[in-house]
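Asker: This is the structure I have questions about; it appears just below.
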Amino acid sequence: MPGNGLPKRAAAVAIPALAFAGLAWLLGAEREWEIVTILVGFLAVLVVLDRTQPGRAVAAACRAERSVANATAVIATLVVLWTFREEHFALLMVATVALSATACVGLNIQMAFGGIANFAAAAFFTLGAYTAAVLTGHTALPHLLVLAAGGAVTSVLGLVLLLPVLRTRGHYVALVTIAFGLLLRNLLEVNDTFGGPQGMKIPAFAPFGFDFGTITSIAGIEVSFYLPYALAAAALFGMAFLAARCLELSWIGIAIDAVRTDPIAASTFGLSPARWKATAFLIGNAMIGVAGALYGMMNGFVNPNGAGFGESLTLISIVVLGGLGNLWGTVAASAVVLALPEKLQPIQEYRLLIFAAVVIAILRFRPGGLLPRPLRVLGSRDGVEA
Amino acid sequence: MDIGFLAQHLFNGLMLGVIYAMIALGFSLFFGVLDVIKFSHGDVVTLGAFAALGAIAFVGSVVPLPGLALVLGLLAAIAASMAAGMVIGGTLVLPLRNAPPVNVLLITLMAGTILREAIRLGVPNGGNPKPFPALLPDRRIEIGSFSVGIDSVTILLAGLAVVVATHHLVTRTRLGLAIRAVAQDPEVACLSGIDFRRTVLGTFALGSALAAVAGCMLGLYYREINFSMGLVLGVIGFAAAVVGGLGSLLGPILGGFLFAGVQTLVTITVPSASAYKDVAAFAVVIALIGLFPTGLISERASERV
Amino acid sequence: MRRSLTNALIAGAALIVAALSPAEAKDTVKIAFIGPLTGGNAAAGVGGRNSSMLAVQLRNADPKAKFAYELVPFDDECKPNIGVQVATKAAADRAIVAGVTHYCSAVGIATVDTYARFKLPVVVWGAILPDITYGNDYKQIHRVNGTMINEGKLAAQFLTARGFKTFAVVHDTTDYGKGQNKYFSEYLKPAGGEIVATFPVSPDQQDFTAELTRIKELKPDMIFVGGLTPLGVRVRSQMERLGVDARMAGVSGIMTAGFLEGAGAAAEGTISFHNGAPLSKYADGQAFADAYARAGFREDPDAYGPFAYSAANLIMDAVEKVGPDRAKITAELNATKGRPSLIGEINFDDHRQNIVTANVYVAQGGKWVFWPDSEYAAGKRTIAGR
Amino acid sequence: MTAPLLACSGLTMRFGGLVALDGLDIAVERGTTIGLVGPNGSGKTTFFNVLTGLYRPSAGAAALADEDIFAKSPQAIGRAGVARTFQHCRLMLDQSVFDNIALGALRHRHLGLAAQFFRRRRLREEIDALVDQVRQLANRFNPAIATALFEPAGSFTMIDRRRIEICRALIANPRLLLLDEPSAGMTPEETRRLMDDLLEFRRESPDLAVILVEHEMDVIRRVSNRCIVLNFGRKIFEGSFEALIEDRDVQTAYLGSGH
């Protein structure tokens with residue numbers, strides 16, 4: 001293990017930087033050999049970090065120098081965004097990945113922390129977008145508040161599920177959420193109040209009067225109008241990430257974990273399983289809703305299609321593949337899951353088959369996901385020591 | 001409403017209920033022995049139907065004997081589904097026995113996706129619906145406005161017989177005893193000389209065979225099968241099993257008929273709202289789970305402390 | 001005589017020029033093709049891609065062409081959000097000058113804003129939702145195929161004229177089925193028909209016995225199906241199962257080989273309405289079929305292939321005339337009037353919608369037969385009664 | 001003398017036809033340690049489960065400091081100051097030792113949402129303080145635990161897991177501590193050390209009442225002020241340890257059930 005601070009910090013800078021460079025390359029890559037190289041490289045780095053002594057030391061260093069690693073990630077994100085500033089498609093993908101990752105942070109809070117398998121994540125995501133559509137269409141609410149309302153409405157509608165979700169566990173919860181997702185999608189499609197199957201149009205995001213739809217340059221430099229969206233999406237992810245970390249590294253984090261692992265023991269020590277599960281579920285839903293609202297505004301429309309079971313499954317797959325409870329794993333998995341299908345055009349007929357096989361392989365042979373959740377280390381002194 | 005049409009609706013609902021119940025029974029059996037949900041079950045139904053279709057087409061091209069074709073088709077369906085069920089059970093579900101429930105759910109969902117995609121890509125023009133040959137005599141019984149094909153009655157009776165036989169198998173035979181013992185307490189069952197792995201695989205085989213029969217019934221009844229029918233059936237079967245009570249035998253049968261009943265009722269009473277029938281059915285599911293968290297017929301005592 | 005001589009001279013000169021100048025001398029112009037290449041609608045999408053590919057190949061083989069063309073196919077998976085992604089990708093690629101876009105209406109309507117924003121002229125080749133052209137006034141959006149208004153109107157008038165007066169409608173709840181229901185019902189009343197019941201159903205619903213028993217009770221003359229092939233097949237087979245004493249008509253969505261195969265013998269006598277005419281009715285239909293066969297595609301062109309072929313040709317004609325410039329191509333396409341093409345004369349109205357008439361088809365002896373050519377029209381077979 | 005901390009009267013618990021507790025009257029005063037003995041299946045663990053609210057009794061009443069226990073949910077009972085260990089170790093094996101022990105302390109912590117997000121500095125100080133406290137406590141039982149607070153609980157031996165569970169119960173600073181066979185599986189030497197720790201802890205909090213389920217008579221003799229014997233859910237003896245070993249009924253109960 002590197003003893004003094006400098007090599008550890010260097011590692012905490014190098015690893016996130018490397019990861020972001022890889023993801024950026026993946027986004028820009030067109031040729032098949034590039035894509036294969038990136039994926040193989042990604043796996044190789046993972047194996048080294050996981051299976052070798054120096055690799056594990058480097059990984060531990062990243063965890064220890066959390067703030068350095070996070071700062072590197074922020075800078076790397078900005079660099080990537082600036083590099084792609086004129087590339088509409090790459091920025092759209094970055095924003096899509098960031099917003100999915102934000103939703104998946106919420107899903108992580110529900111599944112990894114609270115132990116609630118939410119198979120209606122895409123339905124809640126779409127609900128956020130519908131909220132944005134209704135509020136921007138019928139009110140003059142400032143757009144930042146519209147985002148917040150997207151989260152609030154999604155959270156409140158989640159209350160409908162709370163009773164059955166709290167009274168049951170495991171598979172029963174999964175079924176309740178599956179049923180809710182199907183029900184919601186069906187309802188939105190059949191009922192014409194919210195545009196029926198065609199859905200609704202949503203105006204561009206315009207916080208403080210900056211209409212994102214019309215931005216073509218920043219400080220005189222020509223940029224894609226997707227750049228502000230990508231920035232906003234990245235910022236949103238940053239906030240969700242921070243909130244989730246705060247939650248995890250707090251008394252509530254311990255409480256939610258305890259309630260998930262052993263509700264009986266937790267309740268004998270004074271914790272109410274219902275309260276903490278509900279907390280996890282509602283906070284998670286709020287994040288999913290906010291991400292959905294911004295996604296809807298970026299796309300300019302929302303329709304019931306997005307609420308489908310398949311979409312929810314994609315989000316859950318991202319969370320499980322990334323590693324339940326590991327937020328960086330979630331980012332990596334969203335990038336791979338969302339960007340890869342588009343890159344695999346030559347084998348498009350077999351994409352779904354391959355995707356399913358990959359998920360099976362990971363669940364079977366690496367059940368913790370690509371990056372398993374690390375142990376919580378609390379206390380300022382121990383943080384440095386570990 | 002005319003009594004004839006009422007009878008017709010009742011018949012439709014019964015038919016649907018039997019099919020749902022057979023699929024739900026599988027879910028309940030798997031849950032009983034392993035405490036897992038095997039979500040690929042709906043696609044095993046599809047696999048059975050397509051295997052039967054293949055065998056029937058093959059037999060039909062050799063000898064023109066509809067009866068033989070039907071029997072061989074059924075056997076092919078059962079063989080294919082059993083194999084698929086046991087492979088999925090043995091390689092994916094058993095090793096993940098101690099993993100979180102979500103993992104098992106997800107891995108079997110993906111296994112179902114593979115089955116579904118393999119059928120779509122493997123069968124010529126697999127993306128299109130396929131006609132299922134009418135192999136049963138298709139004379140009709142007409143009583144007033146009630147008209148029903150003899151084949152429909154045959155299918156319904158066969159379905160009911162299979163459900164009853166399954167019940168008998170689980171409650172009266174050695175395999176059934178082993179299944180129930182493992183469901184009660186795997187450790188004690190192992191101590192008393194029951195081979196855990198074999199019993200579990202046997203249960204998967206039994207459940208999958210039920211799925212195969214359900215698949216053939218679907219084909220014979222609707223005369224059309226398609227690669228994606230398993231997904232919806234899987235969700236409905238799962239819902240019926242959960243509402244009825246996972247792990248129990250009567251629960252899923254009850255749940256199946258309940259689900260079919262709600263669907264049929266909505267369509268009859270408010271035709272313009274027939275699109276809401278899934279909304280209604282799933283709302284009932286959510287409400288029932290809220291009211292009866294462990295199902296209508298609960299087999300599980302409260303958790304041991 | 002004079003003309004052909006001139007043509008021959010020009011062709012000869014072009015050949016010489018082509019032979020003398022190196023092949024690379026031609027600038028390559030990229031055209032996007034977007035359609036569903038995977039999933040349930042892949043057959044139509046792949047047929048469309050092949051057909052427009054054929055148009056490009058033929059043009060490239062033509063020595064008179066000023067440019068070399070390259071078709072860039074994209075898969076929209078029939079999902080609106082994926083559609084926006086690939087539309088952005090195509091539109092953001094400055095080398096792409098125009099697009100042959102979309103089969104699925106939900107995707108077609110979701111992407112119009114993207115094309116307008118990036119000023120990419122596109123010609124829709126298959127989506128039939130009226131709003132795609134009539135719901136906006138974007139100069140970039142053109143459409144060669146007709147809308148469901150044409151089909152619905154023809155269906156209502158044709159069926160009532162044949163003596164069918166009472167109808168039960170079964171339609172799926174996607175915008176396709178809902179739209180078909182809307183326009184059929186709208187034109188049915190003035191034509192003297194009556195709808196006794198309408199059943200909106202989910203597109204993946206299996207069992208229709210409850211609906212059909214209700215219909216049987218109501219005794220309509222005809223069941224009108226607004227949906228795609230799977231729905232048509234199920235309704236038709238289950239009508240047989242329940243002994244429903246009515247005939248069936250369906251929109252273009254069921255006019256596929258899949259319907260005939262799926263419904264088997266029960267398909268006989270089913271009527272359908274489609275914007276296109278059979279290949280044999282087109283002046284160049286045989287030539288197209290031959291060329292398609294020679295090109296060695298594995299899949300059929302499908303019902304909308306000729307539209308995709310014509311759309312691609314329309315774009316390439318414009319490029320030949322005004323050069324690879326999006327604005328000029330848009331202006332040129334806008335002005336299309338009386339342009340001969342495979343699918344007949346193309347005339348864009350003030351919403352850049354081609355004016356087409358729908359045709360009636362009937363399933364006869366395991367084939368879709370153009371109504372005027374059928375034995376039903378000739379009175380040898382009859383559709384009324386069982 | 002004031003009212004006892006815990007007063008149970010007529011406590012009865014039936015599972016179907018099985019009577020697990022049969023009209024129990026038990027009172028526990030502050031500062032006493034009760035040794036609860038009885039053959040397997042005599043209802044000791046059921047008694048604990050009833051006291052902690054996991055089972056609803058079929059009949060009877062119980063009061064903790066004059067407050068009705070059965071009106072409360074398990075978590076409210078926990079918050080009122082009852083802490084326990086389990087016969088079969090109930091630790092969160094994938095989580096760190098610290099997380100497991102901290103669970104016991106949560107009832108004294110402010111769990112408002114806003115506080116976790118916006119008062120990070122105070123939270124950090126609270127956490128540091130608890131880490132120190134946990135380390136000291138664990139150090140008394142086994143220094144190896146104290147130096148590995150952020151290792152998963154599952155990586156420890158059974159004895160250490162039991163120690164962690166006792167730490168979890170102690171850190172809750174309870175008024176009533178229920179220990180369910182803490183020495184099971186330990187060597188006599190380990191048991192002795194564990195009891196030393198317990199006695200020391202008792203001295204520091206003189207008001208703490210303890211009910212200890214134990215099979216080891218040596219342990220009972222060393223730590224308990226009074227003994228209660230259960231058989232088939234009934235209290236067949238209550239009194240000093242010396243009286244216990246003389247008692248006829250107790251001897252038959254034990255010999256009869258093969259102990």
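Any Cβ shown, glycine's included, is placed from N, Cα and C.
What TrEMBL says about a protein is an automatic prediction, not a curated fact.
Below are the features listed in TrEMBL for this protein:
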TRANSMEM  A:12-29  transmembrane segment
TRANSMEM  A:64-84  transmembrane segment
TRANSMEM  A:90-109  transmembrane segment
TRANSMEM  A:116-135  transmembrane segment
TRANSMEM  A:141-163  transmembrane segment
TRANSMEM  A:170-188  transmembrane segment
TRANSMEM  A:226-244  transmembrane segment
TRANSMEM  A:278-298  transmembrane segment
TRANSMEM  A:318-340  transmembrane segment
TRANSMEM  A:352-371  transmembrane segment
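What's the neighbourhood like for each of these?
Answerer: With a threshold of 8 Å between CB atoms, the same-chain residues lying at least 6 positions outside the transmembrane segment (A:12-29) that come near it are 35, 38, 41-42, 45, 49, 58-59, 61-62, 64-66, 68-70, 72-73, 76-77, 79-80, 83-84, 87, 90, 93-94, 328, 332, 335-336, 339, 343.
Listed by sequence, the residues of this chain that lie at least six past the ends of the transmembrane segment (A:64-84) yet keep a Cβ under 8 A from its Cβ atoms are 8-9, 11-13, 15-17, 20-21, 23-24, 27-28, 90-91, 94, 227, 230-231, 234, 238, 383-384, 386.
Here the transmembrane segment (A:116-135) has long-range neighbours at 103-104, 106-107, 110, 141, 146-147, 149-151, 153-154, 157-158, 161, 165, 170, 173-174, 177-178, 180-181, 184-185, 188, 194-195, 199-202, 277, 280-281, 284-285, 288-297, 299, 302, 304, 306-309, 311-316, meaning same-chain residues at least 6 beyond its ends whose C-beta is under 8 angstroms from one of its own.
Away from its own ends, the transmembrane segment (A:170-188) comes close to residues 116-120, 122-123, 126-127, 130, 160-161, 164, 194, 196, 199, 303-304, 307-309, 312 of its chain (Cβ-Cβ under 8 Å, at least six residues beyond either end).
Sequence-distant neighbours of the transmembrane segment (A:226-244) (same chain, 6+ residues past either end, Cβ-Cβ under 8 Å): 74, 77, 81, 84-85, 88, 91-92, 94-96, 98-99, 101-102, 105-106, 108-109, 205, 207, 210, 212, 215, 218, 283, 287, 290-291, 294, 298, 327, 331.
Through the fold, the transmembrane segment (A:352-371) approaches residues 46, 317, 320-324, 326, 328-329, 332-333, 337, 341, 344 of its own chain, all at least 6 residues removed from its boundaries and within a Cβ separation under 8 Å.
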Asker: Which residues of the chain, 6 or more past the ends of the transmembrane segment (A:318-340), have a CB below 8 A from one of its CBs?
Answerer: 19, 23, 26-27, 35, 39, 42, 93, 96-97, 100-101, 104-105, 107-108, 111-113, 237, 241, 244-245, 248, 355, 359, 362-363, 368-374
Asker: Apart from its near flanks, which chain residues at least 6 from the ends of the transmembrane segment (A:141-163) lie with a Cβ under 8 angstroms of it?
Answerer: 120, 124, 127-129, 131-132, 135, 176-177, 180, 205-208, 278, 281-283, 285-290, 292-294, 297
